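Trainee: Dropping a structure here in structure tokens format, bear with me for questions.
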Amino acid sequence: MPHHRKKTSVIGDSVEDVAEYIVQHNVKNILVLVGAGISVAAGIPDFRSPNTGIYAQLEKYNLDEPSDAFSIDLLREHPHIFYSIAQEMDLWPGRYKPTRVHHFIKLLADKGLLLRCCTQNIDGLEGAAGLSAEHIVEAHGSFRTSSCIDCHLPYDTATNKKEAFDGLISRCPECGGIVKPDVVFFGEQLPPQFFEVLVRDTQSADMVMILGTSLQVHPFAALPHRVRLGVPRIVINRERVGGRVFHFPTDMEPAPSSSSDAASSDGGREGGTSTSSSDGMTQYGEFERPALLRDLFFPGDCQEVVLELAKAMGLEEELAAAEESLASSECSE
């Protein structure tokens, strides 16, 4: 009798398998979750990279914590600190251009495959790539708009930018409150659209793509965990993320969520043996993982991995055309 290898994954292990799954399962509601890694190719540093990240560049401000730069309390007390940082970052519309990943997400929308793109980024490049407001949820806000932190009156973004570069603190013409770009600061509520993603979109999604994010900031990091069981989750990032939320085919054992719960070097591999339980989980030593995996991890530069995925989906030419169109528009400006 022919030997049939036991199926261990609902989706396979390659970009070609992902493309095939989308077609065979009539996937139409891909939830895309993105972070700073997709904008690095545009020239925007991420937040957490040592030496080059935005937080590393804030040391000169002598903050207790780098994240204090985005504290609403500090803004009220010392608004010039944030305004100096905002001038350095210059994430107002117009300076940076969308990357290949942004164009790929727009293509997913054009093909009727995108449910939503929920982004942690504050650069507004998803919209600059042509994604409609219906398809974008900016979980942490953006520099595209500005408003008063007290009465929330909208403020002209171009004026806000000009005043920042002139060394001025923008003030509300109605109440005199401090004006800032509509970035969500620590101490502020996330937009209501984010909670719609958390509650509704995670239940409607038939695939999740997670690109360029460390998944370290909550509640955004909870989104992959809220997706229905069995829905494939594709992670594209330079490093493995998510701890034990994910179970990848390449994992010898589930990765620890932190150093405090890391297993010993031989944990979970005791003689290479495993046992299965009635609930669909397989025991590897002291660790459990699903007998049928739904997660895939593609390590590397997300721009390059997305190109390979676009090829597998037959979107390579359209993706190239979108990038060329952007380059042509830049030359004509």
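Residue 1 is the first one shown; counting continues down the chain.
For all residues, glycine too, the Cβ spot is worked out from N, Cα and C.
From TrEMBL, for reference:
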type     : residues                                                            : note
ACT_SITE : H140                                                                : active site, proton acceptor
BINDING  : D46, F47, R48, Q120, N121, I122, D123, T213, S214, N237, R238, E239 : NAD(+) binding site
BINDING  : C148, C151, C172, C175                                              : Zn(2+) binding site
COMPBIAS : 254-280                                                             : compositional bias 'Low complexity'
DOMAIN   : 8-316                                                               : domain 'Deacetylase sirtuin-type'
REGION   : 247-284                                                             : region 'Disordered'
Trainee: Note down the number of other Cβ atoms within 10 Å of the Cβ of D123 (NAD(+) binding site), including every protein chain shown.
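Mentor: Total other Cβ atoms inside 10 Å, all chains included: 25.
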Trainee: Take the C-alpha atoms of S214 (NAD(+) binding site) and C151 (Zn(2+) binding site) and report the distance between them in angstrom, rounded.
Mentor: 34
Trainee: Quick check: in three-state DSSP terms, what is C148 (Zn(2+) binding site)?
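Mentor: Strand, per DSSP.
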Trainee: Just name the winner among H140, R238 (the recorded positions) by count of other CB atoms within 10 A of its CB.
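Mentor: Of the recorded positions H140, R238, the most buried by Cβ count within 10 Å is H140.
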Trainee: Other than C148, C151, C172, C175, which residues of the chain come within 8 Å of the Zn(2+) site, judged by Cβ distance to the Cβ centroid of those residues?
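Mentor: In sequence order, the nearby non-listed residues are I149, D150, H152, L153, P173, E174, G176, G177, V179.
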Trainee: In whole Å, how far is C175 (Zn(2+) binding site) from D123 (NAD(+) binding site) when you measure between their Cα atoms?
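Mentor: So the Cα of C175 (Zn(2+) binding site) lies 28 Å away from that of D123 (NAD(+) binding site).
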Trainee: Tell me, how many other CB atoms lie within 10 A of the CB of S214 (NAD(+) binding site), whichever protein chain they belong to?
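Mentor: A 10 Å sphere around the Cβ of S214 (NAD(+) binding site) contains 19 other Cβ atoms.
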Trainee: Suppose you look only at the domain 'Deacetylase sirtuin-type' (8-316); what would the mean pLDDT be?
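Mentor: Over the domain 'Deacetylase sirtuin-type' (8-316), the predicted model scores a mean pLDDT of 87.
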Trainee: Sequence gap of 6 or more, C-beta under 8 Å: which same-chain residues meet both conditions with respect to C172 (Zn(2+) binding site)?
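Mentor: C148, D150, C151, L153, Y155, I178, V179 - these are the non-local Cβ neighbours of C172 (Zn(2+) binding site), listed in sequence order.
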Trainee: Using other CB atoms within 10 angstroms as the count, which residue among the binding-site residues C148, C175 scores least?
Mentor: C175
Trainee: To the nearest Å, how far is the Cα of D46 (NAD(+) binding site) from the Cα of C175 (Zn(2+) binding site)?
Mentor: 35
Trainee: Within 10 Å of the Cβ of D46 (NAD(+) binding site), how many other Cβ atoms can you find? Include all protein chains, please.
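Mentor: So the Cβ neighbour count for D46 (NAD(+) binding site) comes to 19.
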